[in-house]
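TrEMBL has this to say about the protein:
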| type | residues | note |
| --- | --- | --- |
| ACT_SITE | HIS392 | active site |
| REGION | 29-50 | region 'Disordered' |
| TRANSMEM | 77-97 | transmembrane segment |
| TRANSMEM | 109-129 | transmembrane segment |
| TRANSMEM | 149-172 | transmembrane segment |
| TRANSMEM | 259-282 | transmembrane segment |
| TRANSMEM | 294-317 | transmembrane segment |
| TRANSMEM | 368-387 | transmembrane segment |
| TRANSMEM | 394-418 | transmembrane segment |
| TRANSMEM | 430-451 | transmembrane segment |
Amino acid sequence: AVKTQLLEQAQGQLLELLDRAMQEAVQAYPPQGGPLPSNPPDSLNKAREPSLGKQKTFIIRKSLLDELMEVQHFRTIYHMFIAGLCIFIISTLAIDFIDEGRLMLEFDLLIFSFGQLPLALMTWVPMFLSTLLVPYQALRLWARPRAGGAWMLGVGLGCLLLAAHTAVLWVLPVHVALKYQLPPASRCILVFEQVRLLMKSYSFLREAVPGTLCARGGEGIRAPSFSSYLYFLFCPTLIYRKTYPRTPNVRWNYVAKNFAQALGCVLYACFILGRLCVPVFANMSREPFSTRALVLSIMHATLPGIFMLLLIFFAFLHCWLNAFAEMLRFGDRMFYRDWWNSTSFSNYYRTWNVVVHDWLYSYVYQDGLWLLGGRARGAAMLGVFLVSAVVHEYIFCFVLGFFYPVMLMLFLVFGGLLNFMMHDRHTGPAWNVLMWTLLFLGQGIQVSLYCQEWYARRHCPLPQTTFWGLVTPRSWSCHT
């Protein structure tokens with residue numbers, strides 16, 4: 001009887017969550033040609049170029065994991081991951097006690113990864129100031145009334161400012177990372193901020209420029225306020241709106257909890273790399289190459305690889321974004337959907353990172369489709385894959401300090417094929433198992449090949465720096 005009662009309770013909660021998610025999805029993306037939600041209209045959105053798809057609508061809603069954590073059964077899974085972190089800590093203490101005769105946790109990998117962090121933060125300041133001042137000032141120059149050559153001069157000056165702004169965001173972090181040889185975590189901060197600020201700048205101009213130009217034509221649409229732009233630069237979305245739904249107050253205990261969980265995920269990742277990856281790959285390039293060793297290394301890397309994927313998801317897409325959303329009272333917390341239930345890779349790509357997907361859908365897919373006259377949806381989708389794959393590969397290249405197009409091939413070639421082969425018509429548990437199996441293998445390939453290349457470039461430095469030497473994988477030849 002108790003078992004039946006628990007099952008009925010869990011089923012009722014799950015059905016309630018599913019109904020709520022379906023209602024929010026319908027509200028967030030109204031059907032084409034259907035009525036919009038009864039929110040105050042945004043004049044900038046009405047002045048946008050006509051699009052051929054759905055428009056992003058922000059509503060107040062919680063993140064899916066926050067809703068799932070209200071169910072005891074899902075909290076138990078969370079507790080299991082905490083127990084895994086405890087096991088890593090205990091094993092580290094036990095090994096240090098056996099080998100060194102002392103009980104002490106060493107954070108050498110963490111300290112190395114975040115080395116020169118103050119320099120990375122100092123580099124971020126001019127990047128942010130450029131994003132804060134230049135796009136808004138360029139918009140003000142374009143918003144001036146037409147008056148002979150004065151307006152054309154303002155347009156030209158605005159374009160020059162934006163070109164300088166783009167150059168600063170592209171060149172400055174790359175220059176600092178190469179000149180001072182920043183370690184991976186510090187590079188990660190710079191490259192994520194570089195990409196984020198570029199995407200936010202583009203979204204602001206893409207949404208605001210049409211309305212500003214219409215205002216010059218006498219329609220009376222005002223340019224956005226500076227305060228709305230400043231709020232947009234910090235709030236956890238890449239789609240600009242003049243206003244967003246806001247929560248009534250800030251729960252500072254919720255903010256502290258999410259930041260603490262994000263820090264715990266960073267420690268978790270360091271323990272995984274230090275215990276499951278470094279001992280396996282540190283000396284692999286010094287051993288003779290064999291297909292057996294390569295396959296075994298990939299299989300060994302699947303477990304730490306999938307752990308790293310889950311930790312990145314939870315730390316950034318849930319904890320970090322929710323912490324900033326709470327501090328800014330940003331109401332729409334749908335940063336991801338239930339990607340773990342996906343039975344197709346097309347659904348996985350749409351639900352894994354909703355923040356980036358909204359930007360790609362609005363400004364690459366929809367605008368590309370509009371430029372193509374509403375035809376060639378496959379070409380527009382291919383453009384989304386190409387942009388996403390190139391940016392992902394650039395991020396990996398920036399963070400690791402070398403070019404090894406594993407992510408590019410997995411994302412663009414295999415990911416693109418799987419997106420069209422495993423489409424939404426495939427349902428059922430077998431397809432979900434297949435998706436997870438391919439995710440395990442993909443993460444194992446990435447962790448194995450990138451770790452081998454990382455250590456090969458340290459064990460086999462180039463006697464002479466050449467272009468082909470820099471772009472040729474060192475792990476292919478660095479075996480003794």
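Our numbering is plain: 1 for the first residue shown, then up by one each step along the chain.
Here the Cβ of each residue, glycine as well, is placed from N, Cα and C on the backbone.
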Proximity of the transmembrane segment (294-317) to the transmembrane segment (259-282), 3+ C-beta pairs under 8 angstroms: yes
Contact ranking winner - 109-129, 259-282, 368-387, 430-451 against the transmembrane segment (394-418), Cβ under 8 Å: 430-451
Contact ranking winner - 109-129, 368-387, 430-451 against the transmembrane segment (259-282), Cβ under 8 Å: 109-129
For the transmembrane segment (430-451), distant same-chain residues with Cβ under 8 A (at least six beyond the ends): 277, 280-281, 294, 297-302, 304-306, 308-309, 341-345, 348, 396, 400, 404, 406-407, 410, 414, 418, 422, 475
